[in-house]
Amino acid sequence: MASLLSPATPTATSAAFHSCSTAGFSTPTHISSQNSSLSLLSRRGCMMRCSFSPQDIPVDSLSHLPPFLDFQNSLATFSDTQKWGFFVSAGIVWFYLTARPGVLIGAIDAYLLAPLQLGLDTLIGRRLKRSDFLVTEKLGEGSFGVVYAGVLLPKNSTLVDDVRVSKARAKAMDFTGEFKQRVILKKVKVGVRGAEEFGEYEEWFNYRLSRAAPDTCAEFLGSFVADKTNTMFTKGGKWLVWRFEGDRDLADYMKDRSFPSNLESIMFGRVLQGVESVKRRALIIKQIMRQIITSLRKIHGTGIVHRDVKPANLVVTKKGQIKLIDFGAAADLRIGKNYIPERTLLDPDYCPPELYVLPEETPSPPPEPIAALLSPILWQLNSPDLFDMYSAGIVLLQMAVPTLRSTAGLKNFNLEIKSVEYDLNRWRERTRTRPDLSILDLDSGRGWDLVTKLISERGSLRRGRLSAAAALRHPYFLLGGDQAAAVLSKLSFSK
């Protein structure tokens, strides 16, 4: 978990999508057949985009609706100038409500989807409890929580309260039989200042992203509060639960001297043949980076800034997906969730020079509905998403330069980059460490150009860095070699 600093601190801050176009819908029969086709194709993993326009809706089908009749009658009383003014105003309002971070979509989520999710979970009995789980082994520990592996017990299973599973027994367990549904559990620390608060925030952000951008983070199953105290649980303590997708994060893989080759078969399904060693490593890093930035683009589109992007918070699934975890430091700048102006949450090794996701003079957020209405203006003026993009640049540099993967190497880099005012080109000329930049220099230095546009100061206009969407349009990604390798590997397995 990130650390806390006060404002008095004297430092400065997927695969290519197929575009499947379908014919316009003209009759209810066509709608039925089209829907069955869409359902079949979606199960096969094809992303559908229907070519549909309002002209395809018969006017007679709306004429019997009272609101439509009232609208037509009101519009008929308008002059041509008034009609133009009405439609222009409606267009501006629509553009504003749908601009990032999504006032309209956020309102639908908050007032419709979130209560609906809670109601459905309660109705079908999906609420979790302590006796549903068997904790197997400890995986790690942070400032505010302890992470464990575990299993979801069958409904007819009985659990002895004081049972403790040894590490050896956990490894010997059959995860294809009775204990087939593995989970990751995080115990929110009890009695630690700030732990309960961050546990609440992490739960909220995981629920929010499970609805808005489910493929960006590990699948969140919910939470429970322990109802009694024993060797593992403390009464009243909160636990968060995710479906098991992998027990190793990017930092774990980067500790291995063979990185990034140790991820080759995971990312591409096989070892790439006929590709030079340096180019193979570059393709692996590019595929990892593409997934990271794609996930950031999606969460930024919801108004959320992670604020703690680093290898330890990027889990690698067994299917070769990179997913964000640990949202305790995240902020939803659409409604001001977990944003407090007088403090900042950061890891000093990965945070940008501005330290704060918004300028220090930004006031405390108003009530949520007002904050949501003002959020598009705040976002356009301050581009808070660029906070995460600096951290993403550090991750790219670490993956590409072996000497920066160690704690000491990264700290030394941060001292050097600060001394040259966060200008990577000047750092390259002056550093005494002689880093190996061969991976970034491939393809006419496209990787180096990208990283210099991520690791930089914001400037007076609070721009100066690429957003996630702009980074994905950079020539480094447009070459698509990593995507081609991934597609070819899937084709070879399907034969």
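Cβ atoms here come from the backbone N, Cα and C positions, even for glycine.
Swiss-Prot annotates L139, G140, E141, G142, S143, F144, G145, V146, V147 as ATP-binding residues; of K129, K180, K186, the candidate listed for that same site is K186.
When secondary structure is read from DSSP and collapsed to three states, D308 (active site, proton acceptor) falls in the coil class. Its Cβ placed at the centre, G145 (ATP binding site) has 24 other Cβ atoms within 10 Å. Cβ contacts within 10 Å of E141 (ATP binding site), excluding its own Cβ and spanning all protein chains shown: 14. Less than 8 angstroms from the CB of V147 (ATP binding site) sit K138, L139, G140, E141, I184, L185, K186, K187, each of them six or more residues away in the same chain. Rounded to the nearest whole angstrom, the C-alpha distance between G145 (ATP binding site) and D308 (active site, proton acceptor) is 15. For the recorded positions S143, D308, the greatest number of Cβ atoms within 10 Å around a candidate Cβ is found at D308.
For the pair D308 (active site, proton acceptor) and S143 (ATP binding site), the Cα-Cα distance reads 13 Å. Taking every pair among L139, G140, E141, G142, S143, F144, G145, V146, V147, K186, the residues recorded as binding ATP, the greatest CA to CA distance is 14 Å.
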